[in-house]
Structure formats: C-alpha cells, structure tokens
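This report refers to the structure that appears directly beneath it.
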C-alpha cells in the first residue's frame, strides 16, 4: 500500500492533525482570571496496524500567574496547595515552551501539519491552555485555535456514558477515583479512552472508509 492511501498512518487518520491529550487543574472556572495550577500532556503514536496508543506524557505543576484568582472551593476540590514549595512549580511560560517543543517534534515525526487538543469536556481545557499561551505572548502555537476532540462527546456516542471514570470502566480501563483530579492521572486515562474509541471504531470496520469509487463499483456489481 502506498503512503498516499495508507490509512494506518497517523497523518491520514485525522486529516493531518496530530492529537495531543491534555488535562488541566485550575483554581476556578474562569480562564481569564483563575490560575492554571497543573497540566499534563500525553502524546500518541500509531503502530503499523493503525492502532493508536500512548507514546509519552509531560507533566508540570504551574505557578499562579501574577494577580491570579484562587477560588477556595476549587482548591478544596482538587487538593492543590499553590504555595507548597514541594510542588516544584514552574512558570506558565517555562511549561509551555517545553510543551511546544515536545508536541512540535512529535507532530513533525508523524508528518502532521498541526496539533489538535483532545480532552474530556475539551472546551474547558482548551480555554485555559489558549489563555495561558496568550498571557505568555507565545507565538506559533501548535494547537488548532478552536477545533478539539472531546472525549465526553465521543464516549457518549461510543460507550453511552459521558463521565470519565464511568466511561473508562465501561471500556475496561481501570480507574481509581482516589487518583482522579490529578492532571497526570486524568490525562493518561483520557488518552486511553480516546485510543480505545478510535481503535474500536477501526475494529468494527468504521475505518478506513471505502473510497467513493470503490463504493460505486460495489453498487454496480451488486446491480
């Protein structure tokens, strides 16, 4: 099979987009005012059989930006103490420079033309990521400015449940609720869920699509 029509290559699976799984932990719901406190980024790879899997994960604790709002309820929910020196937190800019470097390298290796964020309830994560990039005045973001793959939506379609923990368990992916709301843990479970859905769709015959010409030929033969 030629590279041009090789459906088992990642660059052909999502129209040239390289999926990057992201989860953030924050000090509230407002991306403009509330601090980004933790981020994890999981890179994916596709094997020779066209099956998607986890490659590696980057993880950063983030220092609240100057003047950031810290909602007590949000901190109680995720258990993060922004002032704990043991967090080893770095600035938003330092984290995103490292993230940009890693995802651009992976995107190039996969011969894709742009990265697209995969997240559970993706609008939330995409909003905080985009705002942090804007605050840091970073240019040439690898991420699509508005398009995302939302695993809550995909799981609702493929599995019948939208809650991450429940969807994972229904897909046979172990999920420990005690570990939840850690960006590192949630990102890797989200990545496993996304890979499960993509791979299951392939196994069921949904991918690759038959070319229009092949479909027409089959129709002519049947007639």
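A Cβ is built for glycine as well, from the same backbone N, Cα and C atoms used for every other residue.
According to Swiss-Prot:
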| type | residues | note |
| --- | --- | --- |
| ACT_SITE | 181 | active site, proton donor/acceptor |
| BINDING | 23, 25, 181, 186 | Mg(2+) 2 binding site |
| BINDING | 23 | Mg(2+) 1 binding site |
| DOMAIN | 20-194 | domain 'Exonuclease' |
| SITE | 29 | site 'Important for substrate binding and specificity' |
| SITE | 77 | site 'Important for substrate binding and specificity' |
| SITE | 124 | site 'Important for substrate binding and specificity' |
| SITE | 146 | site 'Important for substrate binding and specificity' |
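Here the Cα atom of residue 124 (site 'Important for substrate binding and specificity') is found 14 Å from that of residue 186 (Mg(2+) 2 binding site). In the structure shown, across all protein chains, 23 is the one of the binding-site residues 23, 25 with the greatest number of other Cβ atoms within 10 Å. Taking each Cβ in turn and tallying the other Cβ atoms within 10 Å, the top scorer among the recorded sites 29, 77, 124, 146 is 124. Each residue in 24, 38, 40, 78, 180, 182, 183, 184, 185, 187 lies on the same chain as 23, 25, 181, 186 and has a C-beta within 8 Å of the C-beta centroid of that Mg(2+) 2 site, without being one of the site residues. Considering only the recorded positions 23, 181, 186, residue 77 (site 'Important for substrate binding and specificity') has 181 as its nearest partner by CA-CA distance. Across the recorded positions listed here (181, 186), the residue whose Cβ sits among the most other Cβ atoms within 10 Å is 186. In the three-state DSSP scheme, residue 77 (site 'Important for substrate binding and specificity') is classed as helix. In this structure, the residue listed as 'active site, proton donor/acceptor' belongs to neither helix nor strand by DSSP; it is coil. In this structure the alpha carbons, written CA, of residue 25 (Mg(2+) 2 binding site) and residue 146 (site 'Important for substrate binding and specificity') are 20 Å apart.
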